[in-house]
């Protein structure tokens, strides 16, 4: 008696006094529900109410869980969870009306004979993890093996249903623990592969809403061979626990909640979180391999409400809908326990319609009833216990679900993966034909890039030399300065014609003379003296041309006998300009030594030496502009030569790296380096001359003349840039044609070499066979005593054994050649197959690496999204706690 007393007091708050109970017999009393079904005393063999096992038998019952799960029939697992008295109930003076008598019995404080027995009773100190291990873990394990499972919480409002199912950050509820347990089971089952989908809905005022898709409102319930389902519900495939929990958190944001006088945050709707589990053997199985399909329903029911909640308006309508659905649920449970019931009203509410497959026995069911021990809600608690007692008598038959049709999503994905793999294989076979062409293109592209710089420099040099030979504006500018109405054509001299063929040189000289005379005749007759003088000068300098004129100016400049010096100095009228010009002439004479060092063999050297020019000539704007143009062209030519020699130097350096003992290559490298340094010195001298010529212009101090010179130079620069762009485009086209021609020539050379080798080998074989045939024919003739040695002369046809042997040898040679060609082709095909297999393996490895990186990236994104959701939940929880603290402090 004392032992029983101490056990009861351990589950009751010590701060609450209670009356001493009446004398209680040692055996287990009958419950009100059991007396309704049977008048005999309750025993352990009663089919309607299982008695509470003794401590000695509890361990045996726990150890035989696996055996019990294999039975054909079993009952709904019913557990009860007490919550402690709330501060509001304590302040109102409520006392404890119901308490847990051990782990399997609940008794009434005021009527100890009123007691109920269940599969497990949890007191207030019990954690949610302990509740999950006993009440829900077996259901979750069965769902992973293909057996449907349902876990739902039932109780009055503010009894702790949502706390039990969802929990909080420090104490997760049944739903988070089940999700984590599912992924743990997947990790520990490597022989099977799984596909998980989740859906989340609510039943609000008898209307089904999709919490994962806010646009899914007022959904309809349908039925097929697998059972009932919601049409149009969103199924989201999940890959990790964080992903699933983030979906739950997003769905909770759309759930309907409200407040009443007993609960600040009261659920105003039933919610059902469904986890659809598909599994099949890992790897590629047979086509007839079955797929397990099961659903795990985790349901948080809204609490039944009485008139004590004092709700009005919309809250009253919500409470009415909640009570109606819960009443229908109770009616369905009662009909299921009545063997004589002909009709079960599943369709009277949306909740029972969704639970039709579950309650009709297709799967395991665990009911967690949450109750409060407060005396103010004693009647509601009693009704909850009676509902739980009725549920305990519902029989179910759990069986593994298998689907053989095409409704399995995992089968659909597997077939799609197989189709994609076949397409990938076909693409690999198709791409093998293009690999050789692509490799050849890569090689040609690399060779083109190597030679591009040298070719560009060479083409640029050709263009600049062409411009220097064919274009001259010097004489026309001088003629325009003397008489603007007269325009003279510049004739080519012997120096320019030396670069042309003999026939073209004669034609050009004759054309120049004729054109000069014709232009004289076309001009008006005024200014005869000036024209005569200009004609004499032109005939005198006719054979010199531009280069000869420059050389003549050079000799005149050295003598210093030009009469225009004094005029120019007097015309300037400025001592500063005169002294500046004198200083410039002195500087240019000092650079004469450096100028003479430039070789005269090249065109650049001739033009460079010609620019020593008229040291004492008048520095007019046109003269200086022409000299600067000429110096710029010479600089470009030298730069092109430097680029060409640099490219040659790079190639020789590569050859020297391959053949370090070749002294001839080293000598060539040293020679090229000396030439490059010499060209660079010449470029520096030309740049210095350009600067000096620009400084000696008479417009340096005249602000009116300088813009004209600059505008002229700008126009010339634009014209040359345009010409350069056009010729660059032509150059690119020519380079492409040249490259194509080179590749064709290389292929033809390779073919010719191969044919020559084959011809040589055939000739050797033919000669060998001919010698062997001669020897054999000689032996045959000797054995036949000369009878066969006669030669019958005919009309050019072979009449001896030797001739016949030659014919046979030719036929054998053809056969050998054909056999050799076939062998070479077979060997080439074998090499191509090996190369193909190697490329396929490399592509597979790259595909695996890409897939791995993609999975890691998706997993990182999921973790980031889950972390963001957790942070948001924490922020909301902090806000809620702050609000509660503020209200409590008031």
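Every residue gets a Cβ built from N, Cα and C, even glycine.
The region 'Disordered' annotation in Swiss-Prot covers 1-66 (among others).
Residues or ranges marked as transit peptide in Swiss-Prot: 1-73.
Here Swiss-Prot flags 40-66 (among others) as compositional bias 'Low complexity'.
Here Swiss-Prot flags 155, 156, 157, 158, 159, 160, 161, 162 as ATP binding site.
Among the features that Swiss-Prot reports, coiled coil is placed at 395-468 (among others), with the record citing sequence analysis.
Per Swiss-Prot, region 'Disordered' is recorded for 511-595 (among others).
Marked as compositional bias 'Low complexity' by Swiss-Prot: 569-579 (among others).
Positions annotated as coiled coil by Swiss-Prot: 664-693 (among others).
Under the heading coiled coil, Swiss-Prot lists 729-765 (among others), citing sequence analysis as support. Note on the coiled coil (729-765): mean pLDDT across this stretch is 83.
The region 'Disordered' feature in Swiss-Prot is assigned to 768-797 (among others).
Per Swiss-Prot, the feature coiled coil maps to 818-884 (among others); the stated evidence is sequence analysis.
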Problem - Chain residues outside the coiled coil (729-765) and at least six past its termini with a C-beta under 8 angstroms from it - result: 444, 448, 452, 455-456, 459, 813, 816-817
Practice task
Within 10 Å of each Cβ, count the other Cβ atoms, then let me know which of the binding-site residues 155, 160 comes out lowest.
Solution key: 160
Completion exercise
Most isolated by CB count within 10 A, of the binding-site residues 157, 159, is 157
Handout entry: Neighbour tally for residue 156 (ATP binding site), based on other Cβ positions within 10 Å of its Cβ
Key = 25
